[in-house]
Amino acid sequence: MISYLKGNPIETLKNTQNRILLILEVNQVGYEMQIPSRFARELSQNPRETLQVFTHLQVKDEQPILYGFATAAERELFRQLVSVSGIGAQLAIALIDTLGLEELVQAIVNGNIRTLSQTPGVGQKTAERIALELKTKLSQWRKLVGITLPSTSAIPSLEVLEDVEMTLLALGYTNEEINKAISTLSQDNQMLKNTNSEEWIREAIAWLSQ
């Protein structure tokens, strides 16, 4: 089993199935692997001559497929996700791409079905199954890898969250932008005490418009 590969990133590209591939040259051998789009964006923004990629090898229809991740924790989360019935590699990568490591773990541990369902291809039943099967495992695992979750008092109520997310998504903001706005506003104790969804939406739009 290959734990990681360290070498020179040659290029990233999309294949005919719109999946992002990284070509990593190690000792004059080019390894092709699928990586999350988040990882690809990071590489384009911060180019480097030498790169360490944590890998997972999967054999499908007798064909080996290599997946690459920026961190060992991200790879382990991927492995946990594909262990869930009905969750394949592409859906696992989509979850990581949509929410990112910490937010995805937080959503699973807190049983936040709505957040999990933001991922294309993940419906309510699938989200519920992910939370049900992984909640206990990830509650223990995230402590080992140093992922800290905010206390429930450090986030607005679920009803407010849903209203803010639905409104901002309808206005064209991305999940990433919405989550950043909510996270920033949640640092204000006065806002946390506020249960008025309209005020949360107004403040979020103001922050996003800066």
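Please read every residue number as a count from 1 along the shown chain.
Note: Cβ is positioned from N, Cα and C throughout, glycine not excepted.
Pulled from Swiss-Prot:
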- 1-70: region 'Domain I' (REGION)
- 71-149: region 'Domain II' (REGION)
- 150-160: region 'Flexible linker' (REGION)
- 160-210: region 'Domain III' (REGION)
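Mapped onto DSSP helix, strand and coil, the region 'Domain I' (1-70) counts 9 helix, 41 strand, 20 coil. Per DSSP, the secondary structure of the region 'Domain III' (160-210) breaks down as 39 helix, 0 strand, 12 coil.
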